[in-house]
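Undergrad: Questions regarding the structure given below will be posed in turn.
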Amino acid sequence: MVFDSGMLLASLNRLSTSDHQSVVSINLFVALICACIVIGHLLEENRWMNESITALVIGLCTGVVILLISGGKNSHILVFSEDLFFIYLLPPIIFNAGFQVKKKSFFRNFSTIMLFGAVGTLISFIIISLCAIGIFKKMNIGNLEIGDYLAIGAIFSATDSVCTLQVLSQDDTPLLYSLVFGEGVVNDATSVVLFNAVQNFDLSHINTRKALELIGNFLYLFASSTILGVVSGLLSAYIIKKLYFGRHSTDREVAIMILMAYLSYMLAELFYLSAILTVFFSGIVMSHYTWHNVTESSRVTTKHAFATLSFIAEIFIFLYVGMDALDIEKWRFVSDSPQLSVQVSSILLGLVLVGRAAFVFPLSSLSNLIKKSPEEKISFKQQIIIWWAGLMRGAVSVALAYNQFTRGGHTQLRGNAIMITSTITVVLFSTGVFGLMTKPLIRLLLPSPRHLSRMISSEPTTPKSFIVPLLDSTQDSEADLGQNVPRPHSLRMLLSTPSHTVHRYWRRFDNAFMRPVFGGRGFVPFVPGSPTEPSDH
């Protein structure tokens, strides 16, 4: 065996060069994130801009600079990785959304959110897929199979819940925020489930049985993912309540909260469940129980830690999308026929508009039939805003498109390259145009957004929303809980008067069984030296 020192030195040189390039890339990205924060702060009062659009613009400008420096060979410094997105960037965003969401508003509109997020996404998926099959097969795009067309339906049915956080205010428009954001989370989960089902199912022979299997698989994934998120949240609450880490170190209870949240997401990935739903409901349960069991300093720390991680992840995603929009490798395939690329992007954008309108307005009417109170009904102007705000496509669509049409972030097939570039075009256009116009549209259609929904107007603003009981009714006293609550006489009454039935039943159950075991609002941690542990009531 001959030892070749020359080959060893060459290998070490390549490794050192690769490491140096990684350091350069990380430095550039950190500097760009800092620039986004500074510029976003300076544009805070601008009603047209938000952090997402700012990051996209900075990413585009950086891509242009890199493209010029490299002589037109490259426009980004990182290659897209599905693992980077789904395992590291998405969990803090979705968890923080569940952790900070106003639970009362979310669960009051839960039936409408499920209608939009599950049934509506399925309707949009069917419309976009069928239209894509009928239109794109007649165009000279490339060799796309039936699975690719169905994947297109799943990709463009995924709304951008990240952008929704930027353009809608939880305090100014609580009803719209609850509906659009809640739908966005369920919608993302549904789109990912449909996308995985399209990849795993044998699509050569589609029949009624396979369609029912697909629906059954979705219901199983939704239920099991939700249960896993609730269980992980309750487990963290029980551990922190019983062991009381704060008497020795607040760092430990903060670490337990962060790690248990991330563990719930990874367990869902391990068991092939919907990790988005799991970590979202884990965040809701942790904010209701676990967060109240830690010390005051840990509450402040965890609240800002989750929000900061989510904020950085959001900026990182949009920075990368802006850079990758100028990826020369993919645009080279469509450079000989730019008209075709424009046509495909326009068709996809039109399908997004039609697919969303096809379920927002009919399902809003169905929701209004169930609800008796005029204050709970969705007006036509609100329906327009819900339709418009949900038109934005973002990081989930990009990630699914890369998953379907690339291998390791690269593609050498013309049809796949066209779909990638068209997806990026739709994301940029929808985020830029629809995102910019959402706030002015709200001011135009709803000039007094703070008075939109009287039923939730008494709910305190963030961060005080952390102390609001789950499914709480409007300032019910403890004495009210002891009164006889009329039982619903029909399913319609159960759905139309939740504030007098389901909510109060839940509060009684929560006060009697859940909070004594898992802690929560009103629980004071046991301090060594005190005679007894304080009561939860």
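Numbers here mean position along the shown chain, with the first residue as 1.
The backbone N, Cα and C atoms fix where each Cβ goes, and this holds for glycine too.
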Undergrad: If you look at how TrEMBL annotates this chain, which of 179-197, 274-292, 502-520 comes out as transmembrane segment?
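TA: Range annotated as transmembrane segment by TrEMBL: 274-292.
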Undergrad: With pairs restricted to those 6 or more apart in sequence, evaluate whether the transmembrane segment (343-363) and the transmembrane segment (304-323) have 3+ C-beta pairs under 8 Å.
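TA: These two stretches do not touch.
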Undergrad: Can you find at least 3 Cβ pairs under 8 Å between the transmembrane segment (384-405) and the transmembrane segment (84-101), where each pair is 6 or more residues apart in sequence?
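TA: In contact, yes.
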Undergrad: Other than its close neighbours in sequence, what residues sit by the transmembrane segment (55-72), given a CB gap under 8 Å and a spacing of at least six beyond its ends?
TA: 28, 32, 35-36, 39, 314-315, 317-326, 328, 428, 431-432
